[in-house]
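Noted in Swiss-Prot for the protein shown:
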ACT_SITE  D832  active site, proton acceptor
BINDING   713-721, K740, 786-788, 832-837  ATP binding site
DISULFID  C186-C194  disulfide bond
DISULFID  C210-C218  disulfide bond
DISULFID  C231-C243  disulfide bond
DISULFID  C246-C255  disulfide bond
DISULFID  C290-C301  disulfide bond
DISULFID  C305-C320  disulfide bond
DISULFID  C323-C327  disulfide bond
DISULFID  C504-C517  disulfide bond
DISULFID  C520-C529  disulfide bond
DISULFID  C552-C565  disulfide bond
DISULFID  C556-C573  disulfide bond
DISULFID  C613-C621  disulfide bond
CARBOHYD  N126  N-linked glycosylation site
CARBOHYD  N250  N-linked glycosylation site
CARBOHYD  N353  N-linked glycosylation site
CARBOHYD  N408  N-linked glycosylation site
CARBOHYD  N414  N-linked glycosylation site
CARBOHYD  N437  N-linked glycosylation site
CARBOHYD  N469  N-linked glycosylation site
CARBOHYD  N522  N-linked glycosylation site
CARBOHYD  N566  N-linked glycosylation site
CARBOHYD  N616  N-linked glycosylation site
REGION    1028-1052  region 'Disordered'
REGION    1077-1156  region 'Disordered'
REGION    1181-1212  region 'Disordered'
SIGNAL    1-19  signal peptide
TOPO_DOM  20-641  topological domain 'Extracellular'
TRANSMEM  642-662  transmembrane segment
Amino acid sequence: MSAIGTLQVLGFLLSLARGSEMGNSQAVCPGTLNGLSVTGDADNQYQTLYKLYEKCEVVMGNLEIVLTGHNADLSFLQWIREVTGYVLVAMNEFSVLPLPNLRVVRGTQVYDGKFAIFVMLNYNTNSSHALRQLRFTQLTEILLGGVYIEKNDKLCHMDTIDWRDIVRVPDAEIVVKNNGGNCPPCHEVCKGRCWGPGPEDCQILTKTICAPQCNGRCFGPNPNQCCHDECAGGCSGPQDTDCFACRHFNDSGACVPRCPAPLVYNKLTFQLEPNPHIKYQYGGVCVASCPHNFVVDQTFCVRACPADKMEVDKNGLKMCEPCRGLCPKACEGTGSGSRYQTVDSSNIDGFVNCTKILGNLDFLITGLNGDPWHKIPALDPEKLNVFRTVREITGYLNIQSWPPHMHNFSVFSNLTTIGGRSLYNRGFSLLIMKNLNVTSLGFRSLKEISAGRVYISANQQLCYHHSLNWTRLLRGPAEERLDIKYNRPLGECVAEGKVCDPLCSSGGCWGPGPGQCLSCRNYSREGVCVTHCNVLQGEPREFVHEAHCFSCHPECQPMEGTSTCNGSGSDACARCAHFRDGPHCVNSCPHGILGAKGPIYKYPDAQNECRPCHENCTQGCKGPELQDCLGQAEVLMSKPHLVIAVTVGLTVIFLILGGSFLYWRGRRIQNKRAMRRYLERGESIEPLDPSEKANKVLARIFKETELRKLKVLGSGVFGTVHKGIWIPEGESIKIPVCIKVIEDKSGRQSFQAVTDHMLAVGSLDHAHIVRLLGLCPGSSLQLVTQYLPLGSLLDHVRQHRETLGPQLLLNWGVQIAKGMYYLEEHSMVHRDLALRNVMLKSPSQVQVADFGVADLLPPDDKQLLHSEAKTPIKWMALESIHFGKYTHQSDVWSYGVTVWELMTFGAEPYAGLRLAEIPDLLEKGERLAQPQICTIDVYMVMVKCWMIDENIRPTFKELANEFTRMARDPPRYLVIKRASGPGIPPAAEPSALSTKELQDAELEPDLDLDLDVEVEEEGLATTLGSALSLPTGTLTRPRGSQSLLSPSSGYMPMNQSNLGEACLDSAVLGGREQFSRPISLHPIPRGRQTSESSEGHVTGSEAELQERVSMCRSRSRSRSPRPRGDSAYHSQRHSLLTPVTPLSPPGLEEEDGNGYVMPDTHLRGTSSSREGTLSSVGLSSVLGTEEEDEDEEYEYMNRKRRGSPARPPRPGSLEELGYEYMDVGSDLSASLGSTQSCPLHPMAIVPSAGTTPDEDYEYMNRRRGAGGSGGDYAAMGACPAAEQGYEEMRAFQGPGHQAPHVRYARLKTLRSLEATDSAFDNPDYWHSRLFPKANAQRI
């Protein structure tokens, strides 16, 4: 550290001892506000400075040093460390201003409106006396204000000071010019910055040398040498107790932002409690109590209360409290700090009805006789009587001139206190001088002079002041504060009889008569001394309290020989003059006075005591009985009349309540109709050009004044979503809406104009997309949609996963696919499809949201940043991640992830993986793992959505068809393991929402618009609850179906080695050769060896696995027992035995208006056979046994369909078909990616004991009749090719019993597959397996 740094530290340590005692005991003295005006000569100025600032450390105000001589010893100023106002040094002759400990000038008041230090004209033109040095060696902080130092002929080194290091405000004005020249240079250790020539005069730098990490001051150049934020003027360490001065407040040596509050929060009781360590803010110091001449306002020591508060005395503490009603009037005084210098004719009317003078009162000769210079006329002496209402003066009272005919100051006869918070000249609070005609003071009510000195001089006729005991009036020693001289001698006053009244005590008096006594010798009555009180005789009778006579209440009866009362109230009388009502003496008994329960009537008894009348008396009484009532009717109200009156009254009340209810309901219905009118009505946008067609846009163009945002619901990649209200222009209704604010962060695009894409988004209307109510162009685009209080489907499935059943999940998948198909028809690419962007309109209807938003932004804003946390990488297709390519087929990929979220009840995809790792995993062929509740059929639909080749992925039309088919038999495709009681049907789904949530949704005004639809859905839910009655075993998923991957990973690898050697791992247990389960890369349910899709074929990995399983089983001929409790097992066999029924007419589809698919639960006994099916084959020929040979099984597995009835023709247009109904062939399903593959070998069923083969045959082959196919499938948009057909599978319901065990039949080996064909990242493999060409051959 350099030498200057060493000196800085030494300087700091030198003052540390005094700095540590900053908050414990500080000598605080008041400042002045005289400016350049002075009274008296240089000696008087010096004496004033000495008395004000001797041993002073903190100046509460301004330090003004003006017109001081050259021989003045100012060493008493060396203890001043802080000035709260400004420092003024002007017109002085001394050579050095010794303020070596001054550290901080706060600048709460600034000179000339902008300067905290003002130094000017400190020299004598007629001599060599002049100011040569400002010894401010410790000054390091000016909190407010600038610096002005000019025209000081001998003052040196001011231009060497770095004032920017001292001044805190960066733009403060600094003027330093025209000062002394030919000054000696700074000492070399000061490096050009000094207050004087010596090495001890170096400037201490505490800001410009600091490291950038420091916010304020520092004690060294290193980053760890920063001062505390509450420090001002530097520090010796980093703590708040190491500050040389405090920026805000000093609390016992520690710098704090505020003093301890009067109330503190108790964490145990959760309440605000009084703080036992409360302190008050007195200037920059926290004190335990304010000075006696200040008042407490909350936690501040103030000179006067604010205008809306009044001063009260609480437990000896003067406090400011809000006035109850009109406050005592406080008026501004005169003198320093006021706009008036004296009381004169121009301002005396402002003192009318004043009870308190805030400041001072000055009576000067220019005020009484007038001021011709300022054109102020003379004062009318009678107007001085306005001061008779004054009770307190907070400053000083200065009377230097008084009207000649007024011989005392009796206009101040009610003045009780002179506060002395601001003092005159040399510290006077009461100054009376040069009043030649005044004979007495007349301050008969004055009780206290809180601070300051008393100066009474040169009043030639003044008497009575000699007798006053000033110690009763003054706080502190009276000898040092009294300066009474040059008045009329005491002997002359006594000779003329101008002495105190004999009734006055030894305390003296203010003038002649018993009313001017400072205190009384005997008693006083209303301020006048008396010899005795009228206790036993005289009028009015009185009682005595602390030597004061107080009158009894007028209702007291005067007593002879004893006291009449013992207090001033009506309850303190010994005897009443008229009547007594309880303890009080009254002029008359109460008659009709309103009480808590009605009018009160009383009568006087024989002893003049007031007694209550009967409760039925309404006009008074003369006795306690009912017959004593005055004005009572002869016939009282009978009981029947009372009953009639009560009945009529209640009827009127009910009519009023009923009318109010009907009025409220009518207004509510009216508001609902208005809301429906605004929400359902679209707007036609007129063409801009005659050649353009009119565009029917359902959305509106809103004005910003019609929308009001309430709270933020969330934020995403493209903007922020707010909950708000729409107030249509000219209407009073408030419609709850969702407002999505889209902003262009680059600022290159504005949304002032309505584009074609905006109109295209506004024209979309579908049951399964969130309709856009309107948009508001501007600097940011605001999209307005209907507010759906049920929230997103993601939050819903997470909260209600225990109550959701397979029917709801599959129907939601259908509705999402239909909504996306509608967007595809209108060439709208979503780009951000995820479960969070699917909203729940009702418990059974969902809608896709946030579509078309990305196209509203410029191309650069749609580029993907893998590091951006909000970019939906996990939902995006590979071509979108790598190339930013977004198509309807990339939305299909996102749809697969959305369905995966739905089937995992809101799990996060690829949990635990960084976003940058996901593209590499997808390229390696790894995909999300099979959800636990999904069969292989549902999972394979997801896998097809995640194909690398986008052309191989299914379309939304095919996806809607596939999920519609699966929704007919939900337990067959989704197995949700959930505990159910014996009396609860396992297939009956509970409500996805609680009763309270449904009620809250119904209370939302926007949900009332779909009231009719919700009623239909409630009826539908009731039908579903009774219709879905399957055996308990159909909902039970075997525990053997578990993923081999860690649940936290959230994906499954798809590039694994083939399973060709899996069948070789066998073990011999109990003499039987049993197969060990092959190492699967995705869960395979037990009891399901083939695909459960209705097309009857298997995909690539499945076919490969089943071929090897078939080969192993055909060699070993094992008979492993398998459970038969899985509905998928029965439905698989049933698909081989059930004929495909013709397509039902569109009018018979079991689907409600919201896309909710009804499960096919109406069972029929039989149905007509169809050529090419296996319905006519007997059980013995279809179900293989152990004795059957392999040739028969092989022949069965290679059996082909003979033929099919002709398919219905393809509809001519989408309007003929409608997107709700997608066409399928009568015999072949247009399911996703189906192909005609080999039928599988059936599995032999070995019934358990007690079950006959006939019963089993009847149970397993039960199917519907022809009439049951009416609601089987929804019509699809186009017929598939013949090569892509597959057989139809139907759900069925058993009679309530089932075989407990099943055994696998011997399976014949199918066509072998090469290992190279089974790679999941080979598009040719998937294309050949899932989507065969037209010339593919069947086997």
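Cβ coordinates come from backbone N, Cα and C, glycine included.
DSSP assigns N837 (ATP binding site) to a helix.
Counting only residues at least six positions away in the same chain, the Cβ atoms of F718, G719, T720, V721, H722, Q782, L783, T785, D850, V853 sit under 8 Å from the Cβ of K740 (ATP binding site).
Here the Cα atom of C255 (disulfide bond) is found 7 Å from that of C231 (disulfide bond). Of the glycosylation sites N250, N408, N414, N469, N250 has the largest number of other Cβ atoms within 10 Å of its own Cβ. DSSP assigns G719 (ATP binding site) to a strand in the three-state reduction. Distances between the Cα of C290 (disulfide bond) and those of the recorded positions C621, L713, L788 are shortest for L713.
Within 10 Å of its Cβ, the residue among the disulfide-bonded residues C243, C246, C301, C556, C565 with the fewest other Cβ atoms is C301. In the three-state DSSP scheme, C613 (disulfide bond) is classed as coil.
Scoring each of the recorded positions (C327, C517, L788) by how many neighbouring Cβ atoms lie within 10 Å, the top position goes to C517.
The recorded positions examined here are C210, C290, C305, C504, L713; by Cβ neighbour count within 10 Å, the least packed of them is L713. Here is what falls inside 10 Å of the CA of C246 (disulfide bond) among the recorded positions C194, C231, N408, L713: C231. In sequence order, H157, T160, G192, R193, C194, P197, D201, C202 make up the list of same-chain residues 6 or more apart from C186 (disulfide bond) whose Cβ falls under 8 Å from its Cβ. Mapped onto three states, the DSSP output places C301 (disulfide bond) in strand.
The sparsest Cβ neighbourhood within 10 Å, among the listed disulfide-bonded residues (C231, C255, C529), is found at C529. Across the fold, the C-alpha of C231 (disulfide bond) and the C-alpha of L713 (ATP binding site) stand 43 Å from each other. Taking the C-alpha positions, the distance from A834 (ATP binding site) to C210 (disulfide bond) comes to 53 Å.
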